[in-house]
Amino acid sequence: MGWVANRWTGVAAAIWIQWSCGASYTFSIYSSVLKSTQGYDQSTLDTVSVFKDIGANFGVLSGLLYSAVTPYTRRHDVPGSPSKSKWTSLAGPWVVLAAGAIQCFAGFIFIWAAVVGLISPPPVPVMCFFAWLASNGQTFLNTTNVVTGLRNFPEYSGTIIGIMKGFLGLSGAILIQIYHTFFDGDPATYLLMLALLPPFICLLLMFLLRIYEVHGSDYKKHLDGFSVVTVIIVAYLMFIIVLQNVVSFPYWGRMFAFVILMVLLASPFGIAFKAHWEESRKFAQSYTIERGSSTNKGTSSSNYSPPVDEVEYHELPSDEGQVQVTSDDVLPREEEKNILQAMCTVDFWMLFVTMISGLGSGLATINNMSQIGQSLGYSTIEINNMVSLWSMWNFLGRFGGGHVSDYIMHRKGWPRPLLMAATLGIMVLGHLTIASGFRGTLYVGPVLVGICYGAHWSLMPTITSEIFGVKHMGTIFNTVAAASPLGSYILSVRVVGYIYDKQADKADNSCFGNDCFMLSFFILAGVAFIAFLVVKNGSTTLFFNLFSLYTYLYLFLSHYSSIIFIICFPSRKTHPNLFITFMICFSSEISLECVVSFHSGGRQRRHDPLRIVVAEARALSGGGSKSATLFARRMEFAKSKWVSTVASIWIQCTSGSLYTFSIYSQTLKSTQHYDQSTLDIVSVSKDIGANVGVVSGLLYDFLARRTTATGPWLVHFLGSAQCFLGYFLMWAAVSALLPPLPVPFMCLFMFLAAHAQSYFNTSNVVTGVHNFPNYSGTIVGIMKGFLGLSGAILIQVYQTIFNNKPKSYLLMLALLPPINTLLLMWFVRIHNTHEREERKYLNIFSLMALVVAAYLMVVIILENILSLQSLVHIFIFVVLMMLLASLSCIAFVAHEKSSSRNSESFMDEGSRLIVEPSPLHTTEKVDARQDSLNNQRNNLQLGENLNLLQAMQTVNFWIMFISTACGMGSGLATVNNLGQIGESLGYTSHETGSLVSLWSIWNFLGRFGAGYVSDYYLHTRRWARPLFMVITLMIMSIGHVVIASGLPGALYAGSILVGICYGSQWSLMPTITSEIFGVGNMGSIFNTISIASPVGSYIFSVKVVGYIYDKEASEGNTCIGAHCFMFSFLIMASATILGSLTALGLFLRTKNFYSQVIVRRIQLIQ
C-alpha cells in the first residue's frame, strides 16, 4: 500500500487535480456564447465574471473546513509521525476535495443547461450564483492541494506551492487543448466537459492525498524533478499553441498532440515512484535517527535533533565561531495565529491591499481578453491562443514565483516581499503595453501581466504561512485571496465594463478600435502602480518585520559564507538604512564590530538593544564576501550625488507640462465654450500655479534643515499628488465625465496641475545648488534647461501614442509625471561633499543636454517636412529614451572616478562610516581664508543667508521682482497664445504644434546656456551675472517686435529670440538669488520672486493680449490677420525694455560684491 499511498504519489495526484480545476481561467472561451444566448451587454457579462472570480477566490469556507477535518500537529513535537490518527490523516483532504467536486459539477451543469436551452434563461442573479458555485469548487481543491503540499514539504514551501499554483495556472491551456481536440468550435459542449472532467479526476485521485509528517534529507532533488517536468510541459504547450496559430491542424494532428500531452502529464507519477523507492532504501536509518531525536530533549529552541544528513541545513559548519540561538531570538509574533488574530495585524492588510490591485487588475485583463481581441481585429483562433498563452504565463509566474523566492531566500536570505514589489512594477508596464493598442501588443502585454499575476498566487500563500503559521493557513490565505474578486469587481465592472459600454455601439453592444480599452488599461496601470508603492514603501515595514525571521532561516539553510551572522531586532521600527549597514558589515573579510545608529521613536540612539553578533567562520571561497561587497558598492552608487542629479534631470523631463498648454487649449476652449479672454484666464491660473512656489520653498527649507534625505522626496511626493489631481479632473471635464464646470473650478484644476511643477522644480534646483555650490549657474542651467526641454519631450510622447487626441494627452499628463517622480524621488537627496572634477562631469551633462536638444530639433523639423509613420515615431521615441538613459552612464563614471580616490568607505545615517582626515595646518589655512571671506561679506552685507522677510526688505529683491515680471510675464503671454497667433496668421495645426515644440528647444537653450555662459564669464572674466539679465531682456524686446510685424516666418524667428531669453531668466534668477541672499533659504526666496511671473502673465495675457484680441475678433470669437496681436506685442516689447533697465540697476548695485566676494571665493576654492 505504501507504493500507492505516500507523499510523492500525493504530489502527483494533486498535480492532476490542479491542472483540471482551473476552468475559471477559460471564461473567455464560453463568454461570447453566454453573452449571445442570454442577451447580456458587456457590463452584465462582466458582472457574471466577477461572481466567477468571487467564487474562485472566496475560499474562507474551504479553509475553515480543511482546518476542522485536518487537525494540525507541530512537526517538532512528534517528529516523523503522521497526524493524530490514520483516520484524520486520510479523512481530512478527501472530505474537502469531495465538497469541491460536487460544487464544480452543480455549477457548470446548470450553466450548460441554460446555454443549450434545457432550462429557460435564468435571471442574472441566478446565473451569477451558478458561476459562483462552479468556480468556488476550485477553492476547495486548491486549498487541499496547497496546504497538504506545504505540510508535507515545509522546508521548501515556496517550491511546492509554486508547483501547485503553477499547474492551476497551466490548467487553462490544458483544458483548451482538450477543447480543441474534441469540441473545437462548440463552446456549449465545452461547458458540459467542465461539469464532468474535473469532478471525475478529483473523485478518482482524492484518496491519494494525505498528510505525512516525515521529512527526508534530500527531497529537494525530487521537487526539482517535478519542476523540470512542469517546464517541459509548458514548453510543449507553448510550441503547440504557436504551431496552431501558424498551421491548421487536422483532426489526427490534434489527437496526436493531445496524446503526447497526456504522456507528459503522467510523468509526475514516474517521479513519485522513483522518489518513494529511494526513500524506502534509507527508511530504516532515517527511522532510527528520528526515534532517537524524539526521546532526547535538548536545551535548544528546537525539540528534536535533525537527521545526520540534514546537519548542513540546520547546524553551523563547526563549533568554532558558532553563534548560539536561544529561545529569546525567536520572535513571538511568528506563533500560529488564527484568522481573527491575523486580521488584527498590519501585515495582513498590507497583503490584502496588494492583492486587490495586483490580482484584481490581472483578472480584469483575462476576463476581457476575448472582447479586447475582437475590438482590435484579432481572429477567433488568435483570441483562443491568447487565452492559452495566458495560461502559460500564469503558470510561469506561479511556478517561478515560488521557485525563485525559495532560491533567493535560501541562497541570499532575501525576504519574499521584495519579489512581490518587483512583480507589481512589471505589471504596470504590461498594462501600459496593452493600452497602447499597437498590433501585436496583445501578445506582449499579457506576457508581463500573466507572469506577474501568477507570481502573486505563489508568493501570497507562502508569505502567509511564514508570517501567520501553518495551522490556520488555509483560512488566512483564502481570506486574503478574497481581495482578488473585490478588485476584479471594481476594475472589471466599474472600470472596464463601464467604459466599454460608453464607447460601444448601442445597437449591438460592440466596440471596435483602440479607444474601447485604452483608458481602462491606463487606469489598471495606475492601480497596479499604487500597489507597487504600497509594497515598496510598506514593505520597508513588512521587510524589517520579516527580516529577523528570514535571517534566522538563512542561518540554517545557507551552504557557504565567509561570515556567519545573527541579527535580533528588539523593535519593529528599524531604520531603513540598517540593512545597508548590515550588508556592508557582512562584506568585510575579517572579524569586526558594527556600531549602528538607527532611529527609534523619532530620536537617534547609539548602542540600543539592537544586537549584531558577527563571528568569523572558516574562509571557504570568499564568494559571499565579494557579492556582498559588490552589493554595498552598488548601494553607495545609488546614494551618490551623481545619481541624485540624473534622477532630478529625469523628473524635470516630465515636469514642464504647462509649456504644452497650446496642445490642448483648443479642445478646452471648444468643449467648455470659452471665449479667448476666458481661456487666457485659465492659462493665467496655470502660470500662477507654476510660479507661486512659496509653499514648496518654505516646506523644502524647513525639511532640509532637519534631514538631507527626507526633504526632497517629501516635496516631490506632494507635487505628484497635485499633478495627478489637477490634470485628472481637467481630463474628466473635457471628456464629459463631469458636467460643464464653472470657470473658477477649471481655474482651480489648472492651478493644482501647474502648481505641482513648483514642487518638482524647487526640490531639483535647490538640491542641485546644495550639491554643487561652486557651479550653481551650471547646475541650475542644466535643471532649468531640461525643464524647458520637457515640453518637446512630452509632445514626442503625445505624437507617438496619442497623436491628434488632446483629451488622451490630458490623461497622460495626469499619469506620466507623477509615476516618473514617484519612482525616482528616493534618489534625490542633499550630499555635503565636494569633488575635484565636478566641473568636468557637469560639462559632460551639459554636452548631453545639447545633444538631446539637437536631436529633438532635427526630429521636429523632419516632422514638419515629412509625414512620418507610426513605426518611425516609435523609433524616434526609443532613441530619445536611450539618450536620456545615457545620463546614468555619466553618473556611474563620475562616481567610480570619485570612489577610486577615496581610501575609506563612507557611511551616512547608519549606512556609511564617516572618516574625515584633516591635517591641522590645512584646517588653519582654510579657517583663515574663511575669516577673510566672512569679513568682506559682512562689510558688503550681501551673500548672507537671509530669510524671506529679511530679503524682502532689500532693494535688490524688488529690482529682481520687477525684472522678472517684465521678462517672464511677456514670455508666458507669448507661449500661451502661440496657438491663436499661428491660427490668426494662417499657420496649420501641425505647424503650430511644431512652434510649441521648438519653443521648448529655445526655452531649453536659454535656461541651459544662461547658466553655463554666466558661470564661464564669472570664472574667467569676472562678469557679474545681472549683466546677462540686462542683455537677455533687451534681446527679448527685439523678439516681440519681430512677432508684431506679422511677416511670413516672423513667428518662427521671433519665438526663437523670446524663447531663449525667457528661458535664460529661469537660470539667472535662482542663481543670482543664491549668491545675493545665500543658499540657506534659497527655496522660499526664489519662489517668492517667481510670483512676478504669473503677475506679469496676468497683466500681459489677460489685460493686454486677450483684451485686444477680443476687440479685434469677429462674432465667432476668432480673429484672422496680423492686426490681431500686433499692438499687444509692441506693448510687451516696451515692457521688456523697462525690465532691462531695472536689471541694469541691479548690475550696478552688485558689481563690487561679485568682484570682491564671489570671484574671490571661487579663487580660494580653486
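Even glycines carry a Cβ here, placed using N, Cα and C.
Please treat TrEMBL annotations as automatic predictions, because they have not gone through curation.
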Query: Out of 375-395, 417-437, which range is noted as transmembrane segment by TrEMBL?
result: 417-437
Task: Scan 54-73, 714-733 against TrEMBL and say which stretch is down as transmembrane segment.
output: 54-73
Field: Beyond the flanks of the transmembrane segment (995-1014) by 6 or more, those residues with Cβ under 8 Å of it
entry: 656, 659-660, 662-663, 777-782, 784-793, 795-796, 846, 849-850, 853, 856-857, 860, 975, 978-979, 982, 987, 1023, 1025, 1028, 1032, 1051-1052, 1055-1056, 1058-1068, 1071
Query: Who are the long-range neighbours of the transmembrane segment (1026-1044) in its own chain, taking Cβ under 8 Å and residues 6 or more past its ends?
result: 963, 966-967, 970-971, 974, 981, 1006, 1010, 1013-1014, 1017, 1050-1051, 1053-1058, 1060-1062, 1064-1065, 1068-1069, 1072, 1125-1130, 1132-1134, 1136-1137, 1139-1140, 1143-1144, 1146-1147, 1150
- request: Could you tell me whether the domain 'NFD4 C-terminal' (951-1155) and the domain 'Nodulin-like' (7-69) have 3+ CB pairs under 8 A, leaving out pairs under 6 positions apart?
  value: no
Query: Do the transmembrane segment (955-975) and the transmembrane segment (443-463) come close, with at least three CB pairs under 8 A (pairs 6 or more apart in sequence)?
result: no
Query: Excluding the flanking five residues on each side, which residues at least 6 beyond the ends of the transmembrane segment (443-463) place their CB within less than 8 Å of a CB in that stretch?
result: 146, 150, 157-158, 161-162, 165-166, 168-169, 351, 354-355, 358-359, 361-363, 365-366, 369, 386, 389-402, 405, 416-417, 419-420, 423-424, 426-427, 429-434, 473, 477, 480-481
Task: Go through the chain and flag residues at least 6 beyond the ends of the transmembrane segment (475-497) whose CB is under 8 A from any CB in it; none is fine as an answer.
output: 42-43, 45-47, 49-51, 53-60, 62-64, 66-67, 139, 143, 146, 337-339, 342-343, 348, 351-361, 363-364, 367-368, 460-461, 464-465, 468, 517, 520, 523-524, 527
